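Participant: Pulled from Swiss-Prot, these are the listed features:
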type	residues	note
REGION	1-25	region 'Disordered'
TRANSMEM	40-60	transmembrane segment
DOMAIN	49-174	domain 'EamA 1'
TRANSMEM	67-87	transmembrane segment
TRANSMEM	105-125	transmembrane segment
TRANSMEM	160-180	transmembrane segment
TRANSMEM	190-210	transmembrane segment
TRANSMEM	221-241	transmembrane segment
TRANSMEM	255-275	transmembrane segment
DOMAIN	272-325	domain 'EamA 2'
TRANSMEM	281-301	transmembrane segment
TRANSMEM	310-330	transmembrane segment
Amino acid sequence: MAGSHPYLNPPDSTHPSPPSAPPSLRWHQCCQPSDATNGLLVALLGGGLPAGFVGPLSHMAYQASNLPSLELLICRCLFHLPIALLLKLRGDPLLGPPDIRGRAYFYALLNVLSIGCAYSAVQVVPAGNAATVRKGSSTVCSAVLTLCLESQGLSGYDWCGLLGSILGLIIIVGPGLWTLQEGITGVYTALGYGQAFVGGLALSLGLLVYRSLHFPSCLPTVAFLSGLVGLLGSVPGLFVLQPPVLPSDLPSWSCVGAVGILALVSFTCVSYAVTKAHPALVCAVLHSEVVVALILQYYMLHETVAPSDIVGAGVVLGSIAIITAWNLSCEREGKVEE
């Protein structure tokens with residue numbers, strides 16, 4: 001009887017207890033950024049910051065060589081095609097599985113539409129304002145569409161950061177909308193803002209479509225399809241709508257190459273981030289593109305930056321800080337072993 005008492009039995013040497021982890025390792029395992037936080041950081045550093053260079057560089061290429069948006073779109077799509085080599089090496093179908101091929105093509109079409117509208121808008125309105133309208137519309141539409149289609153809500157802090165970022169965008173673009181010039185110049189400016197809005201709407205809808213795609217090699221497949229659809233839609237228009245225009249000097253070629261590389265990096269990071277975090281929060285964090293575009297608009301393009309632009313940019317940065325700080329929550333992994 002006494003031998004069966006748990007406190008009198010000696011420890012079984014054949015089943016040693018697992019060694020306890022050091023305190024630093026336990027802290028690292030118990031407290032690390034969640035998937036949503038990782039997604040937002042990827043969207044901020046890999047999506048918003050590189051994308052902020054795309055608008056000013058596109059405008060510089062247009063100023064130097066009168067390079068239309070159609071040629072810019074074609075050049076960007078060309079950077080997507082080498083991804084086919086990666087898919088071939090992995091043995092994956094280039095166009096994706098047959099059962100989801102329609103949605104993958106639809107996402108590629110929406111992505112090309114968003115890019116084309118963005119490149120067209122930046123040629124008639126300041127780069128910062130075009131990015132502002134596009135990101136603002138994508139954020140609002142993402143919040144509404146996700147709430148209606150996926151019933152995925154947001155916390156109070158998320159809503160605070162989301163509405164604050166939209167307020168910052170209104171502060172930036174509002175004065176310019178109220179002072180549109182009359183005549184043909186005002187019409188072109190209004191058309192540019194309209195294109196930026198449509199581009200943001202297409203972006204938000206495309207992100208929701210991408211979240212519904214679940215298959216191996218999803219990201220490289222849709223990246224290749226975006227380039228393929230963009231070329232198939234743009235190359236015929238190159239000979240129908242206008243005579244082909246090529247960059248005329250080395251700086252123009254450099255701008256075009258930088259646009260293609262930075263846009264591909266931003267596309268990859270945003271597509272990854274939207275699978276980890278709420279689409280509206282991803283779009284809100286992407287408002288960092290607006291701040292970068294305004295800085296480059298002033299220092300590279302030597303365009304005027306109004307005081308309202310500076311105030312709005314500060315509000316946007318503060319809102320991004322709120323969203324990021326709230327989502328920097330710690331996620332416990334594993335349970336305490338007895």
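Including glycine, each Cβ sits where the backbone N, Cα and C put it.
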Participant: For the transmembrane segment (105-125) and the transmembrane segment (281-301), decide whether they are in contact, meaning at least 3 CB pairs lie under 8 A, counting pairs 6 or more apart in sequence.
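Facilitator: No, since the transmembrane segment (105-125) and the transmembrane segment (281-301) share fewer than 3 Cβ pairs closer than 8 Å, they do not count as touching.
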Participant: So which of 40-60, 67-87, 190-210 has the most C-beta pairs under 8 Å when paired with the transmembrane segment (221-241)?
Facilitator: 67-87
Participant: Is it possible to list how many residues within the domain 'EamA 1' (49-174) are helical, extended or coil according to DSSP?
Facilitator: 101 helix, 0 strand, 25 coil
